[in-house]
Amino acid sequence: LKKPRAPRKKPRSPRKKPRELLPAAPFQRLVRSFAHQRGGFGVEGVAVAALREACEAQLLALLEVWGLCALHAKRAAVRAADIQLVRCLRGNRP
């Protein structure tokens with residue numbers, strides 16, 4: 001009688017980091033230049049990371065709403081009219 005073989009384990013792939021929308025280094029330079037121009041104060045790295053995360057969340061929310069507007073109009077692409085509609089609905093109309 002043959003011994004039953006143990007099932008082979010699949011090789012584990014390394015975990016991928018979530019892709020960032022805003023690259024860290026250019027965003028950090030932008031924030032630090034704004035801080036320097038506005039008041040000449042410094043910004044810690046942790047504060048820049050928190051600000052970048054908040055900006056990414058806000059950008060994703062806007063993209064989602066713009067996409068819903070385009071989907072409602074039975075289009076696959078976002079147009080300027082979608083952006084204007086969202087601004088109008090949110091009360092951010094210039």
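Glycine residues also receive a Cβ, built from the backbone N, Cα and C atoms like all the rest.
The region 'Disordered' annotation in TrEMBL covers 1-21. Long-range contacts of the region 'Disordered' (1-21) within the same chain: residues 52, 56, 59-60, each at least 6 residues beyond the stretch ends and with a Cβ under 8 Å from a Cβ of the stretch.
Sequence annotations record features per position, and here TrEMBL assigns compositional bias 'Basic residues' to 1-18.
Averaged over the domain 'Core Histone H2A/H2B/H3' (8-89), the predicted model has a pLDDT of 89. Annotation comment: TrEMBL describes 8-89 as domain 'Core Histone H2A/H2B/H3'.
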